[in-house]
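Asker: Let me give you the structure first, and then I'll get to my questions.
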Amino acid sequence: MTTILVLNGPNLGRLGTREPEVYGSETLADIGASLRASVPDEVEIDLRQTDDEGELIGWIHEAVDRRLPVVLNPAAFTHYSYALRDAAAQLTTAGVPLVEVHLSNPHAREAFRHTSVISGVASGVIAGFGAESYRLAVDWLLRAALRSPS
Ligand code: DQA
């Protein structure tokens, strides 16, 4: 069984009703269901959301210790949480893939969203495709990052 952690930061539990013109109408539960429907049976999608920075950092530590690949939407923490970046850097050091995702394209929005303190320690970044950003991230993990050597 391969487990992919899909971690979500603050306010993402409000998807569906939160600024649907920016973030779309799918809830986080919808995104989780769509991800689960798109992966093989032996892949577990462990989707979590928190508004708490410390809890999110704890989940990154868990991913480091269990060597679990991570899809991370850090939400507003993207733009200022050095603590989250330092946690995410441990994934890089451990050789565990990390895909930073965003529903919106932060670069097309307010200036404060143009900086990500996470991107520098991510394997890659997918932004601007709505819920599809998550599906693309999981697809890359399964097709490229987690492919067993032949
Ligand atoms: C977001 C973009 C962030 O700027 C914002 O704070 C979010 C969501 C996105 O998915 O587009 O909460 O990460």
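Cβ atoms are placed via backbone N, Cα and C, with glycine included.
The site 'Transition state stabilizer' annotation in TrEMBL covers Arg18. Annotation source TrEMBL lists active site, proton acceptor at Tyr23. The substrate binding site annotation in TrEMBL covers Asn73, His79, Asp86, Leu103, Ser104, Arg113. The annotation active site, proton donor is assigned in TrEMBL to His102.
For each feature listed, report its degree of burial, its nearest neighbours and the pertinent distances within the displayed model.
Answerer: When secondary structure is read from DSSP and collapsed to three states, Arg18 (site 'Transition state stabilizer') falls in the coil class. Non-local neighbourhood of Arg18 (site 'Transition state stabilizer'): Asn11, each in the same chain, at least six residues away, with C-beta under 8 Å from its C-beta.
Listed in sequence order, Leu15, Leu103, Ser104, Gly130 are the same-chain residues six or more apart from Tyr23 (active site, proton acceptor) with CB atoms under 8 A from its CB. In the three-state DSSP scheme, Tyr23 (active site, proton acceptor) falls into the helix class.
Leu103 (substrate binding site) counts 23 other C-beta atoms within 10 Å of its own C-beta, drawing on all protein chains shown. In the three-state DSSP classification, Leu103 (substrate binding site) falls within coil.
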Asker: Out of Asn73, His79, Asp86, give those binding-site residues positioned within 10 angstroms of His102 (active site, proton donor), comparing C-alpha atoms, in sequence order.
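Answerer: Cα within 10 Å of His102 (active site, proton donor): Asn73.
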Asker: Using the structure shown, find which entry in Asn73, Ser104 (the binding-site residues) has the sparsest Cβ neighbourhood within 10 Å.
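Answerer: So among Asn73, Ser104, the binding-site residues given, the one with the fewest Cβ atoms within 10 Å is Ser104.
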Asker: Given a 10 Å Cβ-Cβ cut-off, pick out the one of the recorded positions His79, His102, Arg113 that has the most other Cβ atoms nearby.
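Answerer: Comparing the recorded positions His79, His102, Arg113, the most crowded Cβ belongs to His102.
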